[in-house]
Amino acid sequence: MSEKYVFSEKHPGPLVVEGKLTDAERMKTESNFLRGTIAEDLNDGLTGGFKGDNFLLIRFHGMYQQDDRDIRAERAEQKLEPRHAMLLRCRLPGGVMTPEQWLRIDKFAGESTIYGSIRITNRQTFQYHGILKSNVKPVHQMLNSIGLDALATANDMNRNVLCTSNPIESELHQQAYEWAKKISEHLLPRTRAYAEIWMDQEKVATTDEEPILGSTYLPRKFKTTVVVPPQNDVDLHANDLNFIAIADNGRLVGFNVLVGGGLSIAHGDKATYPRTASELGYISIEHTLAIAEAVVTTQRDWGNRTNRKNAKTKYTLERVGVDNFKQEVEARAGVKFEAVRPYEFTGRGDRIGWVKGIDNKWHLTLFIENGRILDYPGRPLKTGLAEIAKIHKGDFRLTANQNLIIAGVPARSKAKIDALAREHGLIDDSVSEQRKNSMACVSFPTCPLAMAEAERFLPEFVTKVEDIMQQHGVGDEHIVLRVTGCPNGCGRAMLAEIGLVGKAVGRYNLHLGGNREGTRIPRMYRENINETEILAEIDRLIGLWAQDRQPNEGFGDFTIRTNIIRPVLDPARDFYD
């Protein structure tokens, strides 16, 4: 695709990419503010899916059309269309919900989805898999009835806003969480399409306007976090816009703003690369929404609409320069950034088990492998959480590590909730640190982009890694391990110490050199290798780490220090070196 750049005398970098717009831009332009013909399509009983532009437009309403890839070939032989069903992702800024909401969510999963499960995602919300077309409208109405929605959790908008799950510092977490909600609400689309289609609200005569997102919305997906150091559980460097909380005597006073992180790449396309976020500066809290809006509108106007593979904020920053982007944000917000305030990250993992907060309430973080809540043989996780929800008076909090926190438990209720959790397999004291720090995306059988297994592959693979670590005497340690089924990066393998990126069925690219804090991108070490080859490499490397590491040296740092792999310093230029 030929692209030409428009240069500005004020900003010497190329600000806007001119050329033929992508078909996604046509679709958004013609969609009548995201309505399309979704309402009519819902009444078409001849197909289980959505047709034409509606296939993509439903993403703005929080859904993806999928099918069961395990039976796709079989259905094709029978001359049947794929078994279409929708993934629906809830908007849940900061991951906080009430037990009453959870019980309704649980009931719908059991009664109205193919798989019967609730999947906690690493974007701190939950999603349903396997919603048939006849249940699409009811799920939106169910969410609305409990004060939730699925608006803007997919496609070219600001997605679900993450917030550090930090129940110990309850007051600071609450302040950060309130800002996550405010940012989410401020950046929502203003179109009435969602309410008209799903809630049967009457169309009004007024003209739709999108003062922030614009009539063609953003060039690409946009992700935002609110981060409370020293925890980087939200993996800020995977996100377009990040607000790092700066506190004074336990009170939130402002944010460091970082822009332009992102992990997605395309195999074989060296114009795509992961990127860590760049520091723009510090702002006091009263400027938060103005800065959020200015970053979004700058990306709206300057982002590449001619090539979706280069449309994210990270590519805009590389094209126009961080300083130019910063100046534009300042001009639009009417705010000058101050110097970045000191901050430090020490880890990303959740504190599994019971912790006591400064408010004297107790908080139980449950490890949910792969975030998949279902009644397994001997481990009825879904039933257990429902039983806890019936008696718990605090919050349920979903984490960006796909776990769940029973938050705000008074001392008198602690023993009862602990007993229920153990009875239903929600607490397992034998779970290793390695398993707690391993993560995978969904991948097969529902994800249409999957190239290799991830969620179904991870549990047994971790067992093999655990065995290797035990053999080398480091069984109590952990390595941040992530598996993603394709290079789009949902499993965040590009911020792992060991990252596996799906290349084909049974084959992965092996990346090394990230760190525990999530501030360094790993480099590809071996390409397109199978599980046996991966385990052989891991065995050898863990042996070296166990023998030659320095005190408290993480595996990723060890691989860099000993020149096993070179660090990625400037991914736009050296990721593929």
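Placed from the backbone N, Cα and C atoms, the Cβ positions cover glycine too.
Swiss-Prot lists CYS441, CYS447, CYS486, CYS490 with the feature [4Fe-4S] cluster binding site, giving sequence analysis as the kind of evidence. According to DSSP, CYS486 ([4Fe-4S] cluster binding site) sits in a coil region rather than a helix or strand.
Counting only same-chain residues at least 6 apart in sequence, those with a Cβ under 8 Å from the Cβ of CYS490 ([4Fe-4S] cluster binding site) are ASN122, CYS441, VAL442, THR484. The siroheme binding site annotation in Swiss-Prot covers CYS490.
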List of residues, in chain order, with Cβ under 8 A from that of CYS447 ([4Fe-4S] cluster binding site) and at least 6 apart: GLN66, CYS441, GLY485, CYS486
Additional residues surrounding [4Fe-4S] cluster, by Cβ distance to the CYS441, CYS447, CYS486, CYS490 centre under 8 Å: VAL442, SER443, LEU449, ALA450, ALA454, THR484, GLY485, ASN488, GLY489, GLY491, GLY502
